Amino acid sequence: MTILTHTLGFPRVGLRRELKKAQESYWAGNSTREALLAVGRELRARHWEQQKQAGIDLLPVGDFAWYDHVLTTSLLLGNVSARHQNNDGSVDIDTLFRIGRGRAPTGEPAAAAEMTKWFNTNYHYIVPEFSKGQQFRLTWTQLLEEVDEALALGHKIKPVLLGPVTYLWLGKVKGEPFDRLTLLKDILPVYQHVLAELAKRGIEWVQIDEPALVLELPQAWLDAFKPAYDALAGQVKLLLTTYFEGVTPNLDTIIALPVQGLHVDLIHGKDDVAELHQRLPVDWLLSAGLINGRNVWRADLTEKYAQINALVGKRALWVASSCSLLHSPIDLSVETRLDTEVKSWFAFALQKCGELALLRDALNSGETAALEEWSAPIQARRHSRRVHNAAVEKRLAAITAQDSQRENPYEVRAEAQRARFKLPAWPTTTIGSFPQTTEIRGLRLDFKKGNLDANNYHTGIAEHIKQAIIEQERLGLDVLVHGEAERNDMVEYFGEHLDGFVFTQNGWVQSYGSRCVKPPVVIGDISRPAPITVEWAKYAQSLTDKPVKGMLTGPVTILCWSFPREDVTRETIAKQIALALRDEVADLEAAGIGIIQIDEPALREGLPLRRSDWDAYLEWGVEAFRINAAVAKDETQIHTHMCYCEFNDIMDSIAALDADVITIETSRSDMELLESFEAFDYPNEIGPGVYDIHSPNVPSVEWIEALLKKAAQRIPAQRLWVNPDCGLKTRGWPETRAALANMVKAAHNLRQAK
């Protein structure tokens, strides 16, 4: 039984973010649909060939998406809401873009579908919408077309499909309430049709992703798998694919299914390989997810070999990435500025394909010399002086309960803050960033490339900050921000100023749609060598009599949106960051900044996938935030911001953060998220986002007023703030001015209506 390699998916965006550039050019009307489609074809062909050359035996097809693979599945099934449909009922790529972003080059704008995080990753998916009695049919044949492309190129392939039960699990009911699981019988015929078409093309294996099987699912959902897969069986071999956690708790459900193989994540799961082998049907193939698809670290292949070698010859075996390589940058070889030692510790998507090939060859031959050679750098890292800082470790060990307590409770602090700031009812503010214009990006790029000296760079940034203050005063906002012109990314910026991080030139990963991020990498103990944000916050405050918020990214978010170390716990990393940023809060306060926002949009997304593991995570996550914030005096108002959140199941922890003001993303959910705060009787102040910054559509005054009135039915008006859902970095100035003007007008109308 020869062992084969495969990946669960590959990055879509291209080494130079070619897909992003093509999407945005098309959306702006600067290129044709045909040009966009051509870029997609070119990227797919390149990525298949690169994986093949790196040693992958079975190439994934269907992992490419124009916006998001869950959205692609919605179109495949004909699940398009009335507001997004073409007038003639057809489905095309503009339909897809209208669902994802609210508008497209053709068709009428409409509210975008909700977006949320893909399990506990930094990738976002577009939430499917379900209505009672809806019909499904095959309307989008992208998968079949791409299979034809790959076969025409002579590749040995494995199509990828998001499974029907997970697809339903990821969606939400719109309109009349009903159990969306009842739609399973209606979508299965479409899946049967697709599998039949794949069988006609001579496809042997289909990777059918059911990551919901790693969750603690309700029994009704677990029971749904057997009839679903009974209906899908028989046309092709099915590789039931799971990731992000182990499958052992749901293994009884899995082994009853009529599939021919199982993929398990052996990085993030705690499954015992020997137990899996013992319990799986003898004729099943086991796909072992041994190479981490979610990080940038080189694998110790000697450990991976030892983990799986006992199964060689005992059952059909493939070796694979733990999950799709979507979550990893593409190619380490183009990184020319990384220190040689540090670079030797890393492996990006293509290098991970190479790791799989090395592992396959060793398992097939029994020869391990190549594994030992590959693993030597990552083994040597354990003793590197770049990794350990005795002062940081000592400070971390000395943390006491007092370090995470504000001086007085919220009620006392709120009085001091009201006396200091004298804000009106319905105070208006923004979340932090303003549009990152071509001029701002060019300024930063010229400075990084050495084409601009420090003095001219600072002069340029200062001018953009000044303009941001002028714009906000002109609009009539109550609490201002400096606009973050100096920041490329809310995590990368802090990582650049903290010891213990390194950065890549081209380590881009997709966040959503055309948005890509370049996460920093935590390589060692973290400390702050000097103040980070104080200079620009102090300058911005000098330009206005209104309060200007200091803007920090919180410790859990920096952790979650970075590639973390693998040799210490996530708790250790978060608390090291918290101690570093605690010093930043103290310095901002000393510089006269009275409102400090510590963004924690990632707090919820960092939750373990199994609810039984939540308490331990939330305990240290909340403690890290409080360590960061607790140094502030009573009269200093601490804000936090969160997005993409369902709060009802973590309200105790949200309240335990003890932030004076929390701003949250609520507009896409029509203020539904406030139900959690109402039910909990949340005691502090709240800024529910009143418009969706991910869409270029400008909300009307009436729309915003209606949302705020809804909010006031749940939260006392005296504790409500008025703000957008999120930062405005990705928007243009014309739509930003128009939206904020309407937001301020809505707040003024409500003040006058008192």
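Cβ from N, Cα, C; glycine included.
Summarising the annotation, Swiss-Prot assigns active site, proton donor to H694 and lists sequence analysis as the type of evidence. Around the Cβ of H694 (active site, proton donor), 23 further Cβ atoms fall within 10 Å across all displayed protein chains.
The number of other CB atoms found within 10 A of the CB of R17 (5-methyltetrahydropteroyltri-L-glutamate binding site), across every protein chain shown, is 18. Under the three-state DSSP scheme, R17 (5-methyltetrahydropteroyltri-L-glutamate binding site) falls in the coil class. The feature 5-methyltetrahydropteroyltri-L-glutamate binding site is assigned by Swiss-Prot to R17, E18, L19, K20, K117, R515, C516, W561, E605, with sequence analysis given as support.
Mapped onto three states, the DSSP output places G432 (L-homocysteine binding site) in coil. Less than 8 angstroms from the CB of G432 (L-homocysteine binding site) sit V481, E484, M490, K549, M551, Q597, D599, H641, G727, each of them six or more residues away in the same chain. The L-homocysteine binding site annotation in Swiss-Prot covers I431, G432, S433, E484, D599 and rests on sequence analysis.
All protein chains included, I431 (L-homocysteine binding site) registers 25 other Cβ atoms within 10 Å of its own Cβ. Residues annotated as L-methionine binding site in Swiss-Prot: I431, G432, S433, E484, D599.
Every protein chain shown contributes to the tally, and the Cβ of C726 (Zn(2+) binding site) ends up with 27 other Cβ atoms within 10 Å. Per Swiss-Prot, the feature Zn(2+) binding site maps to H641, C643, E665, C726; the stated evidence is sequence analysis.
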Other C-beta atoms that fall within 10 angstroms of the C-beta of E605 (5-methyltetrahydropteroyltri-L-glutamate binding site): 22
E484 (L-homocysteine binding site), number of other Cβ atoms within 10 Å: 24
Conformational class of H641 (Zn(2+) binding site) under the three-state DSSP mapping: strand
Lowest local Cβ density (other Cβ within 10 Å) among binding-site residues: L19, C516: C516
Pairwise Cα distance for K117 (5-methyltetrahydropteroyltri-L-glutamate binding site)/I431 (L-homocysteine binding site) [Å, integer]: 20
Distance from C726 (Zn(2+) binding site) back to R17 (5-methyltetrahydropteroyltri-L-glutamate binding site), taken between C-alpha atoms, in Å: 24
S433 (L-homocysteine binding site) as reference: those binding-site residues from L19, E605, C726 with C-alpha within 10 Å of it: C726
Residue from L19, C516, E605 whose C-alpha is spatially nearest that of E665 (Zn(2+) binding site), among the binding-site residues: E605
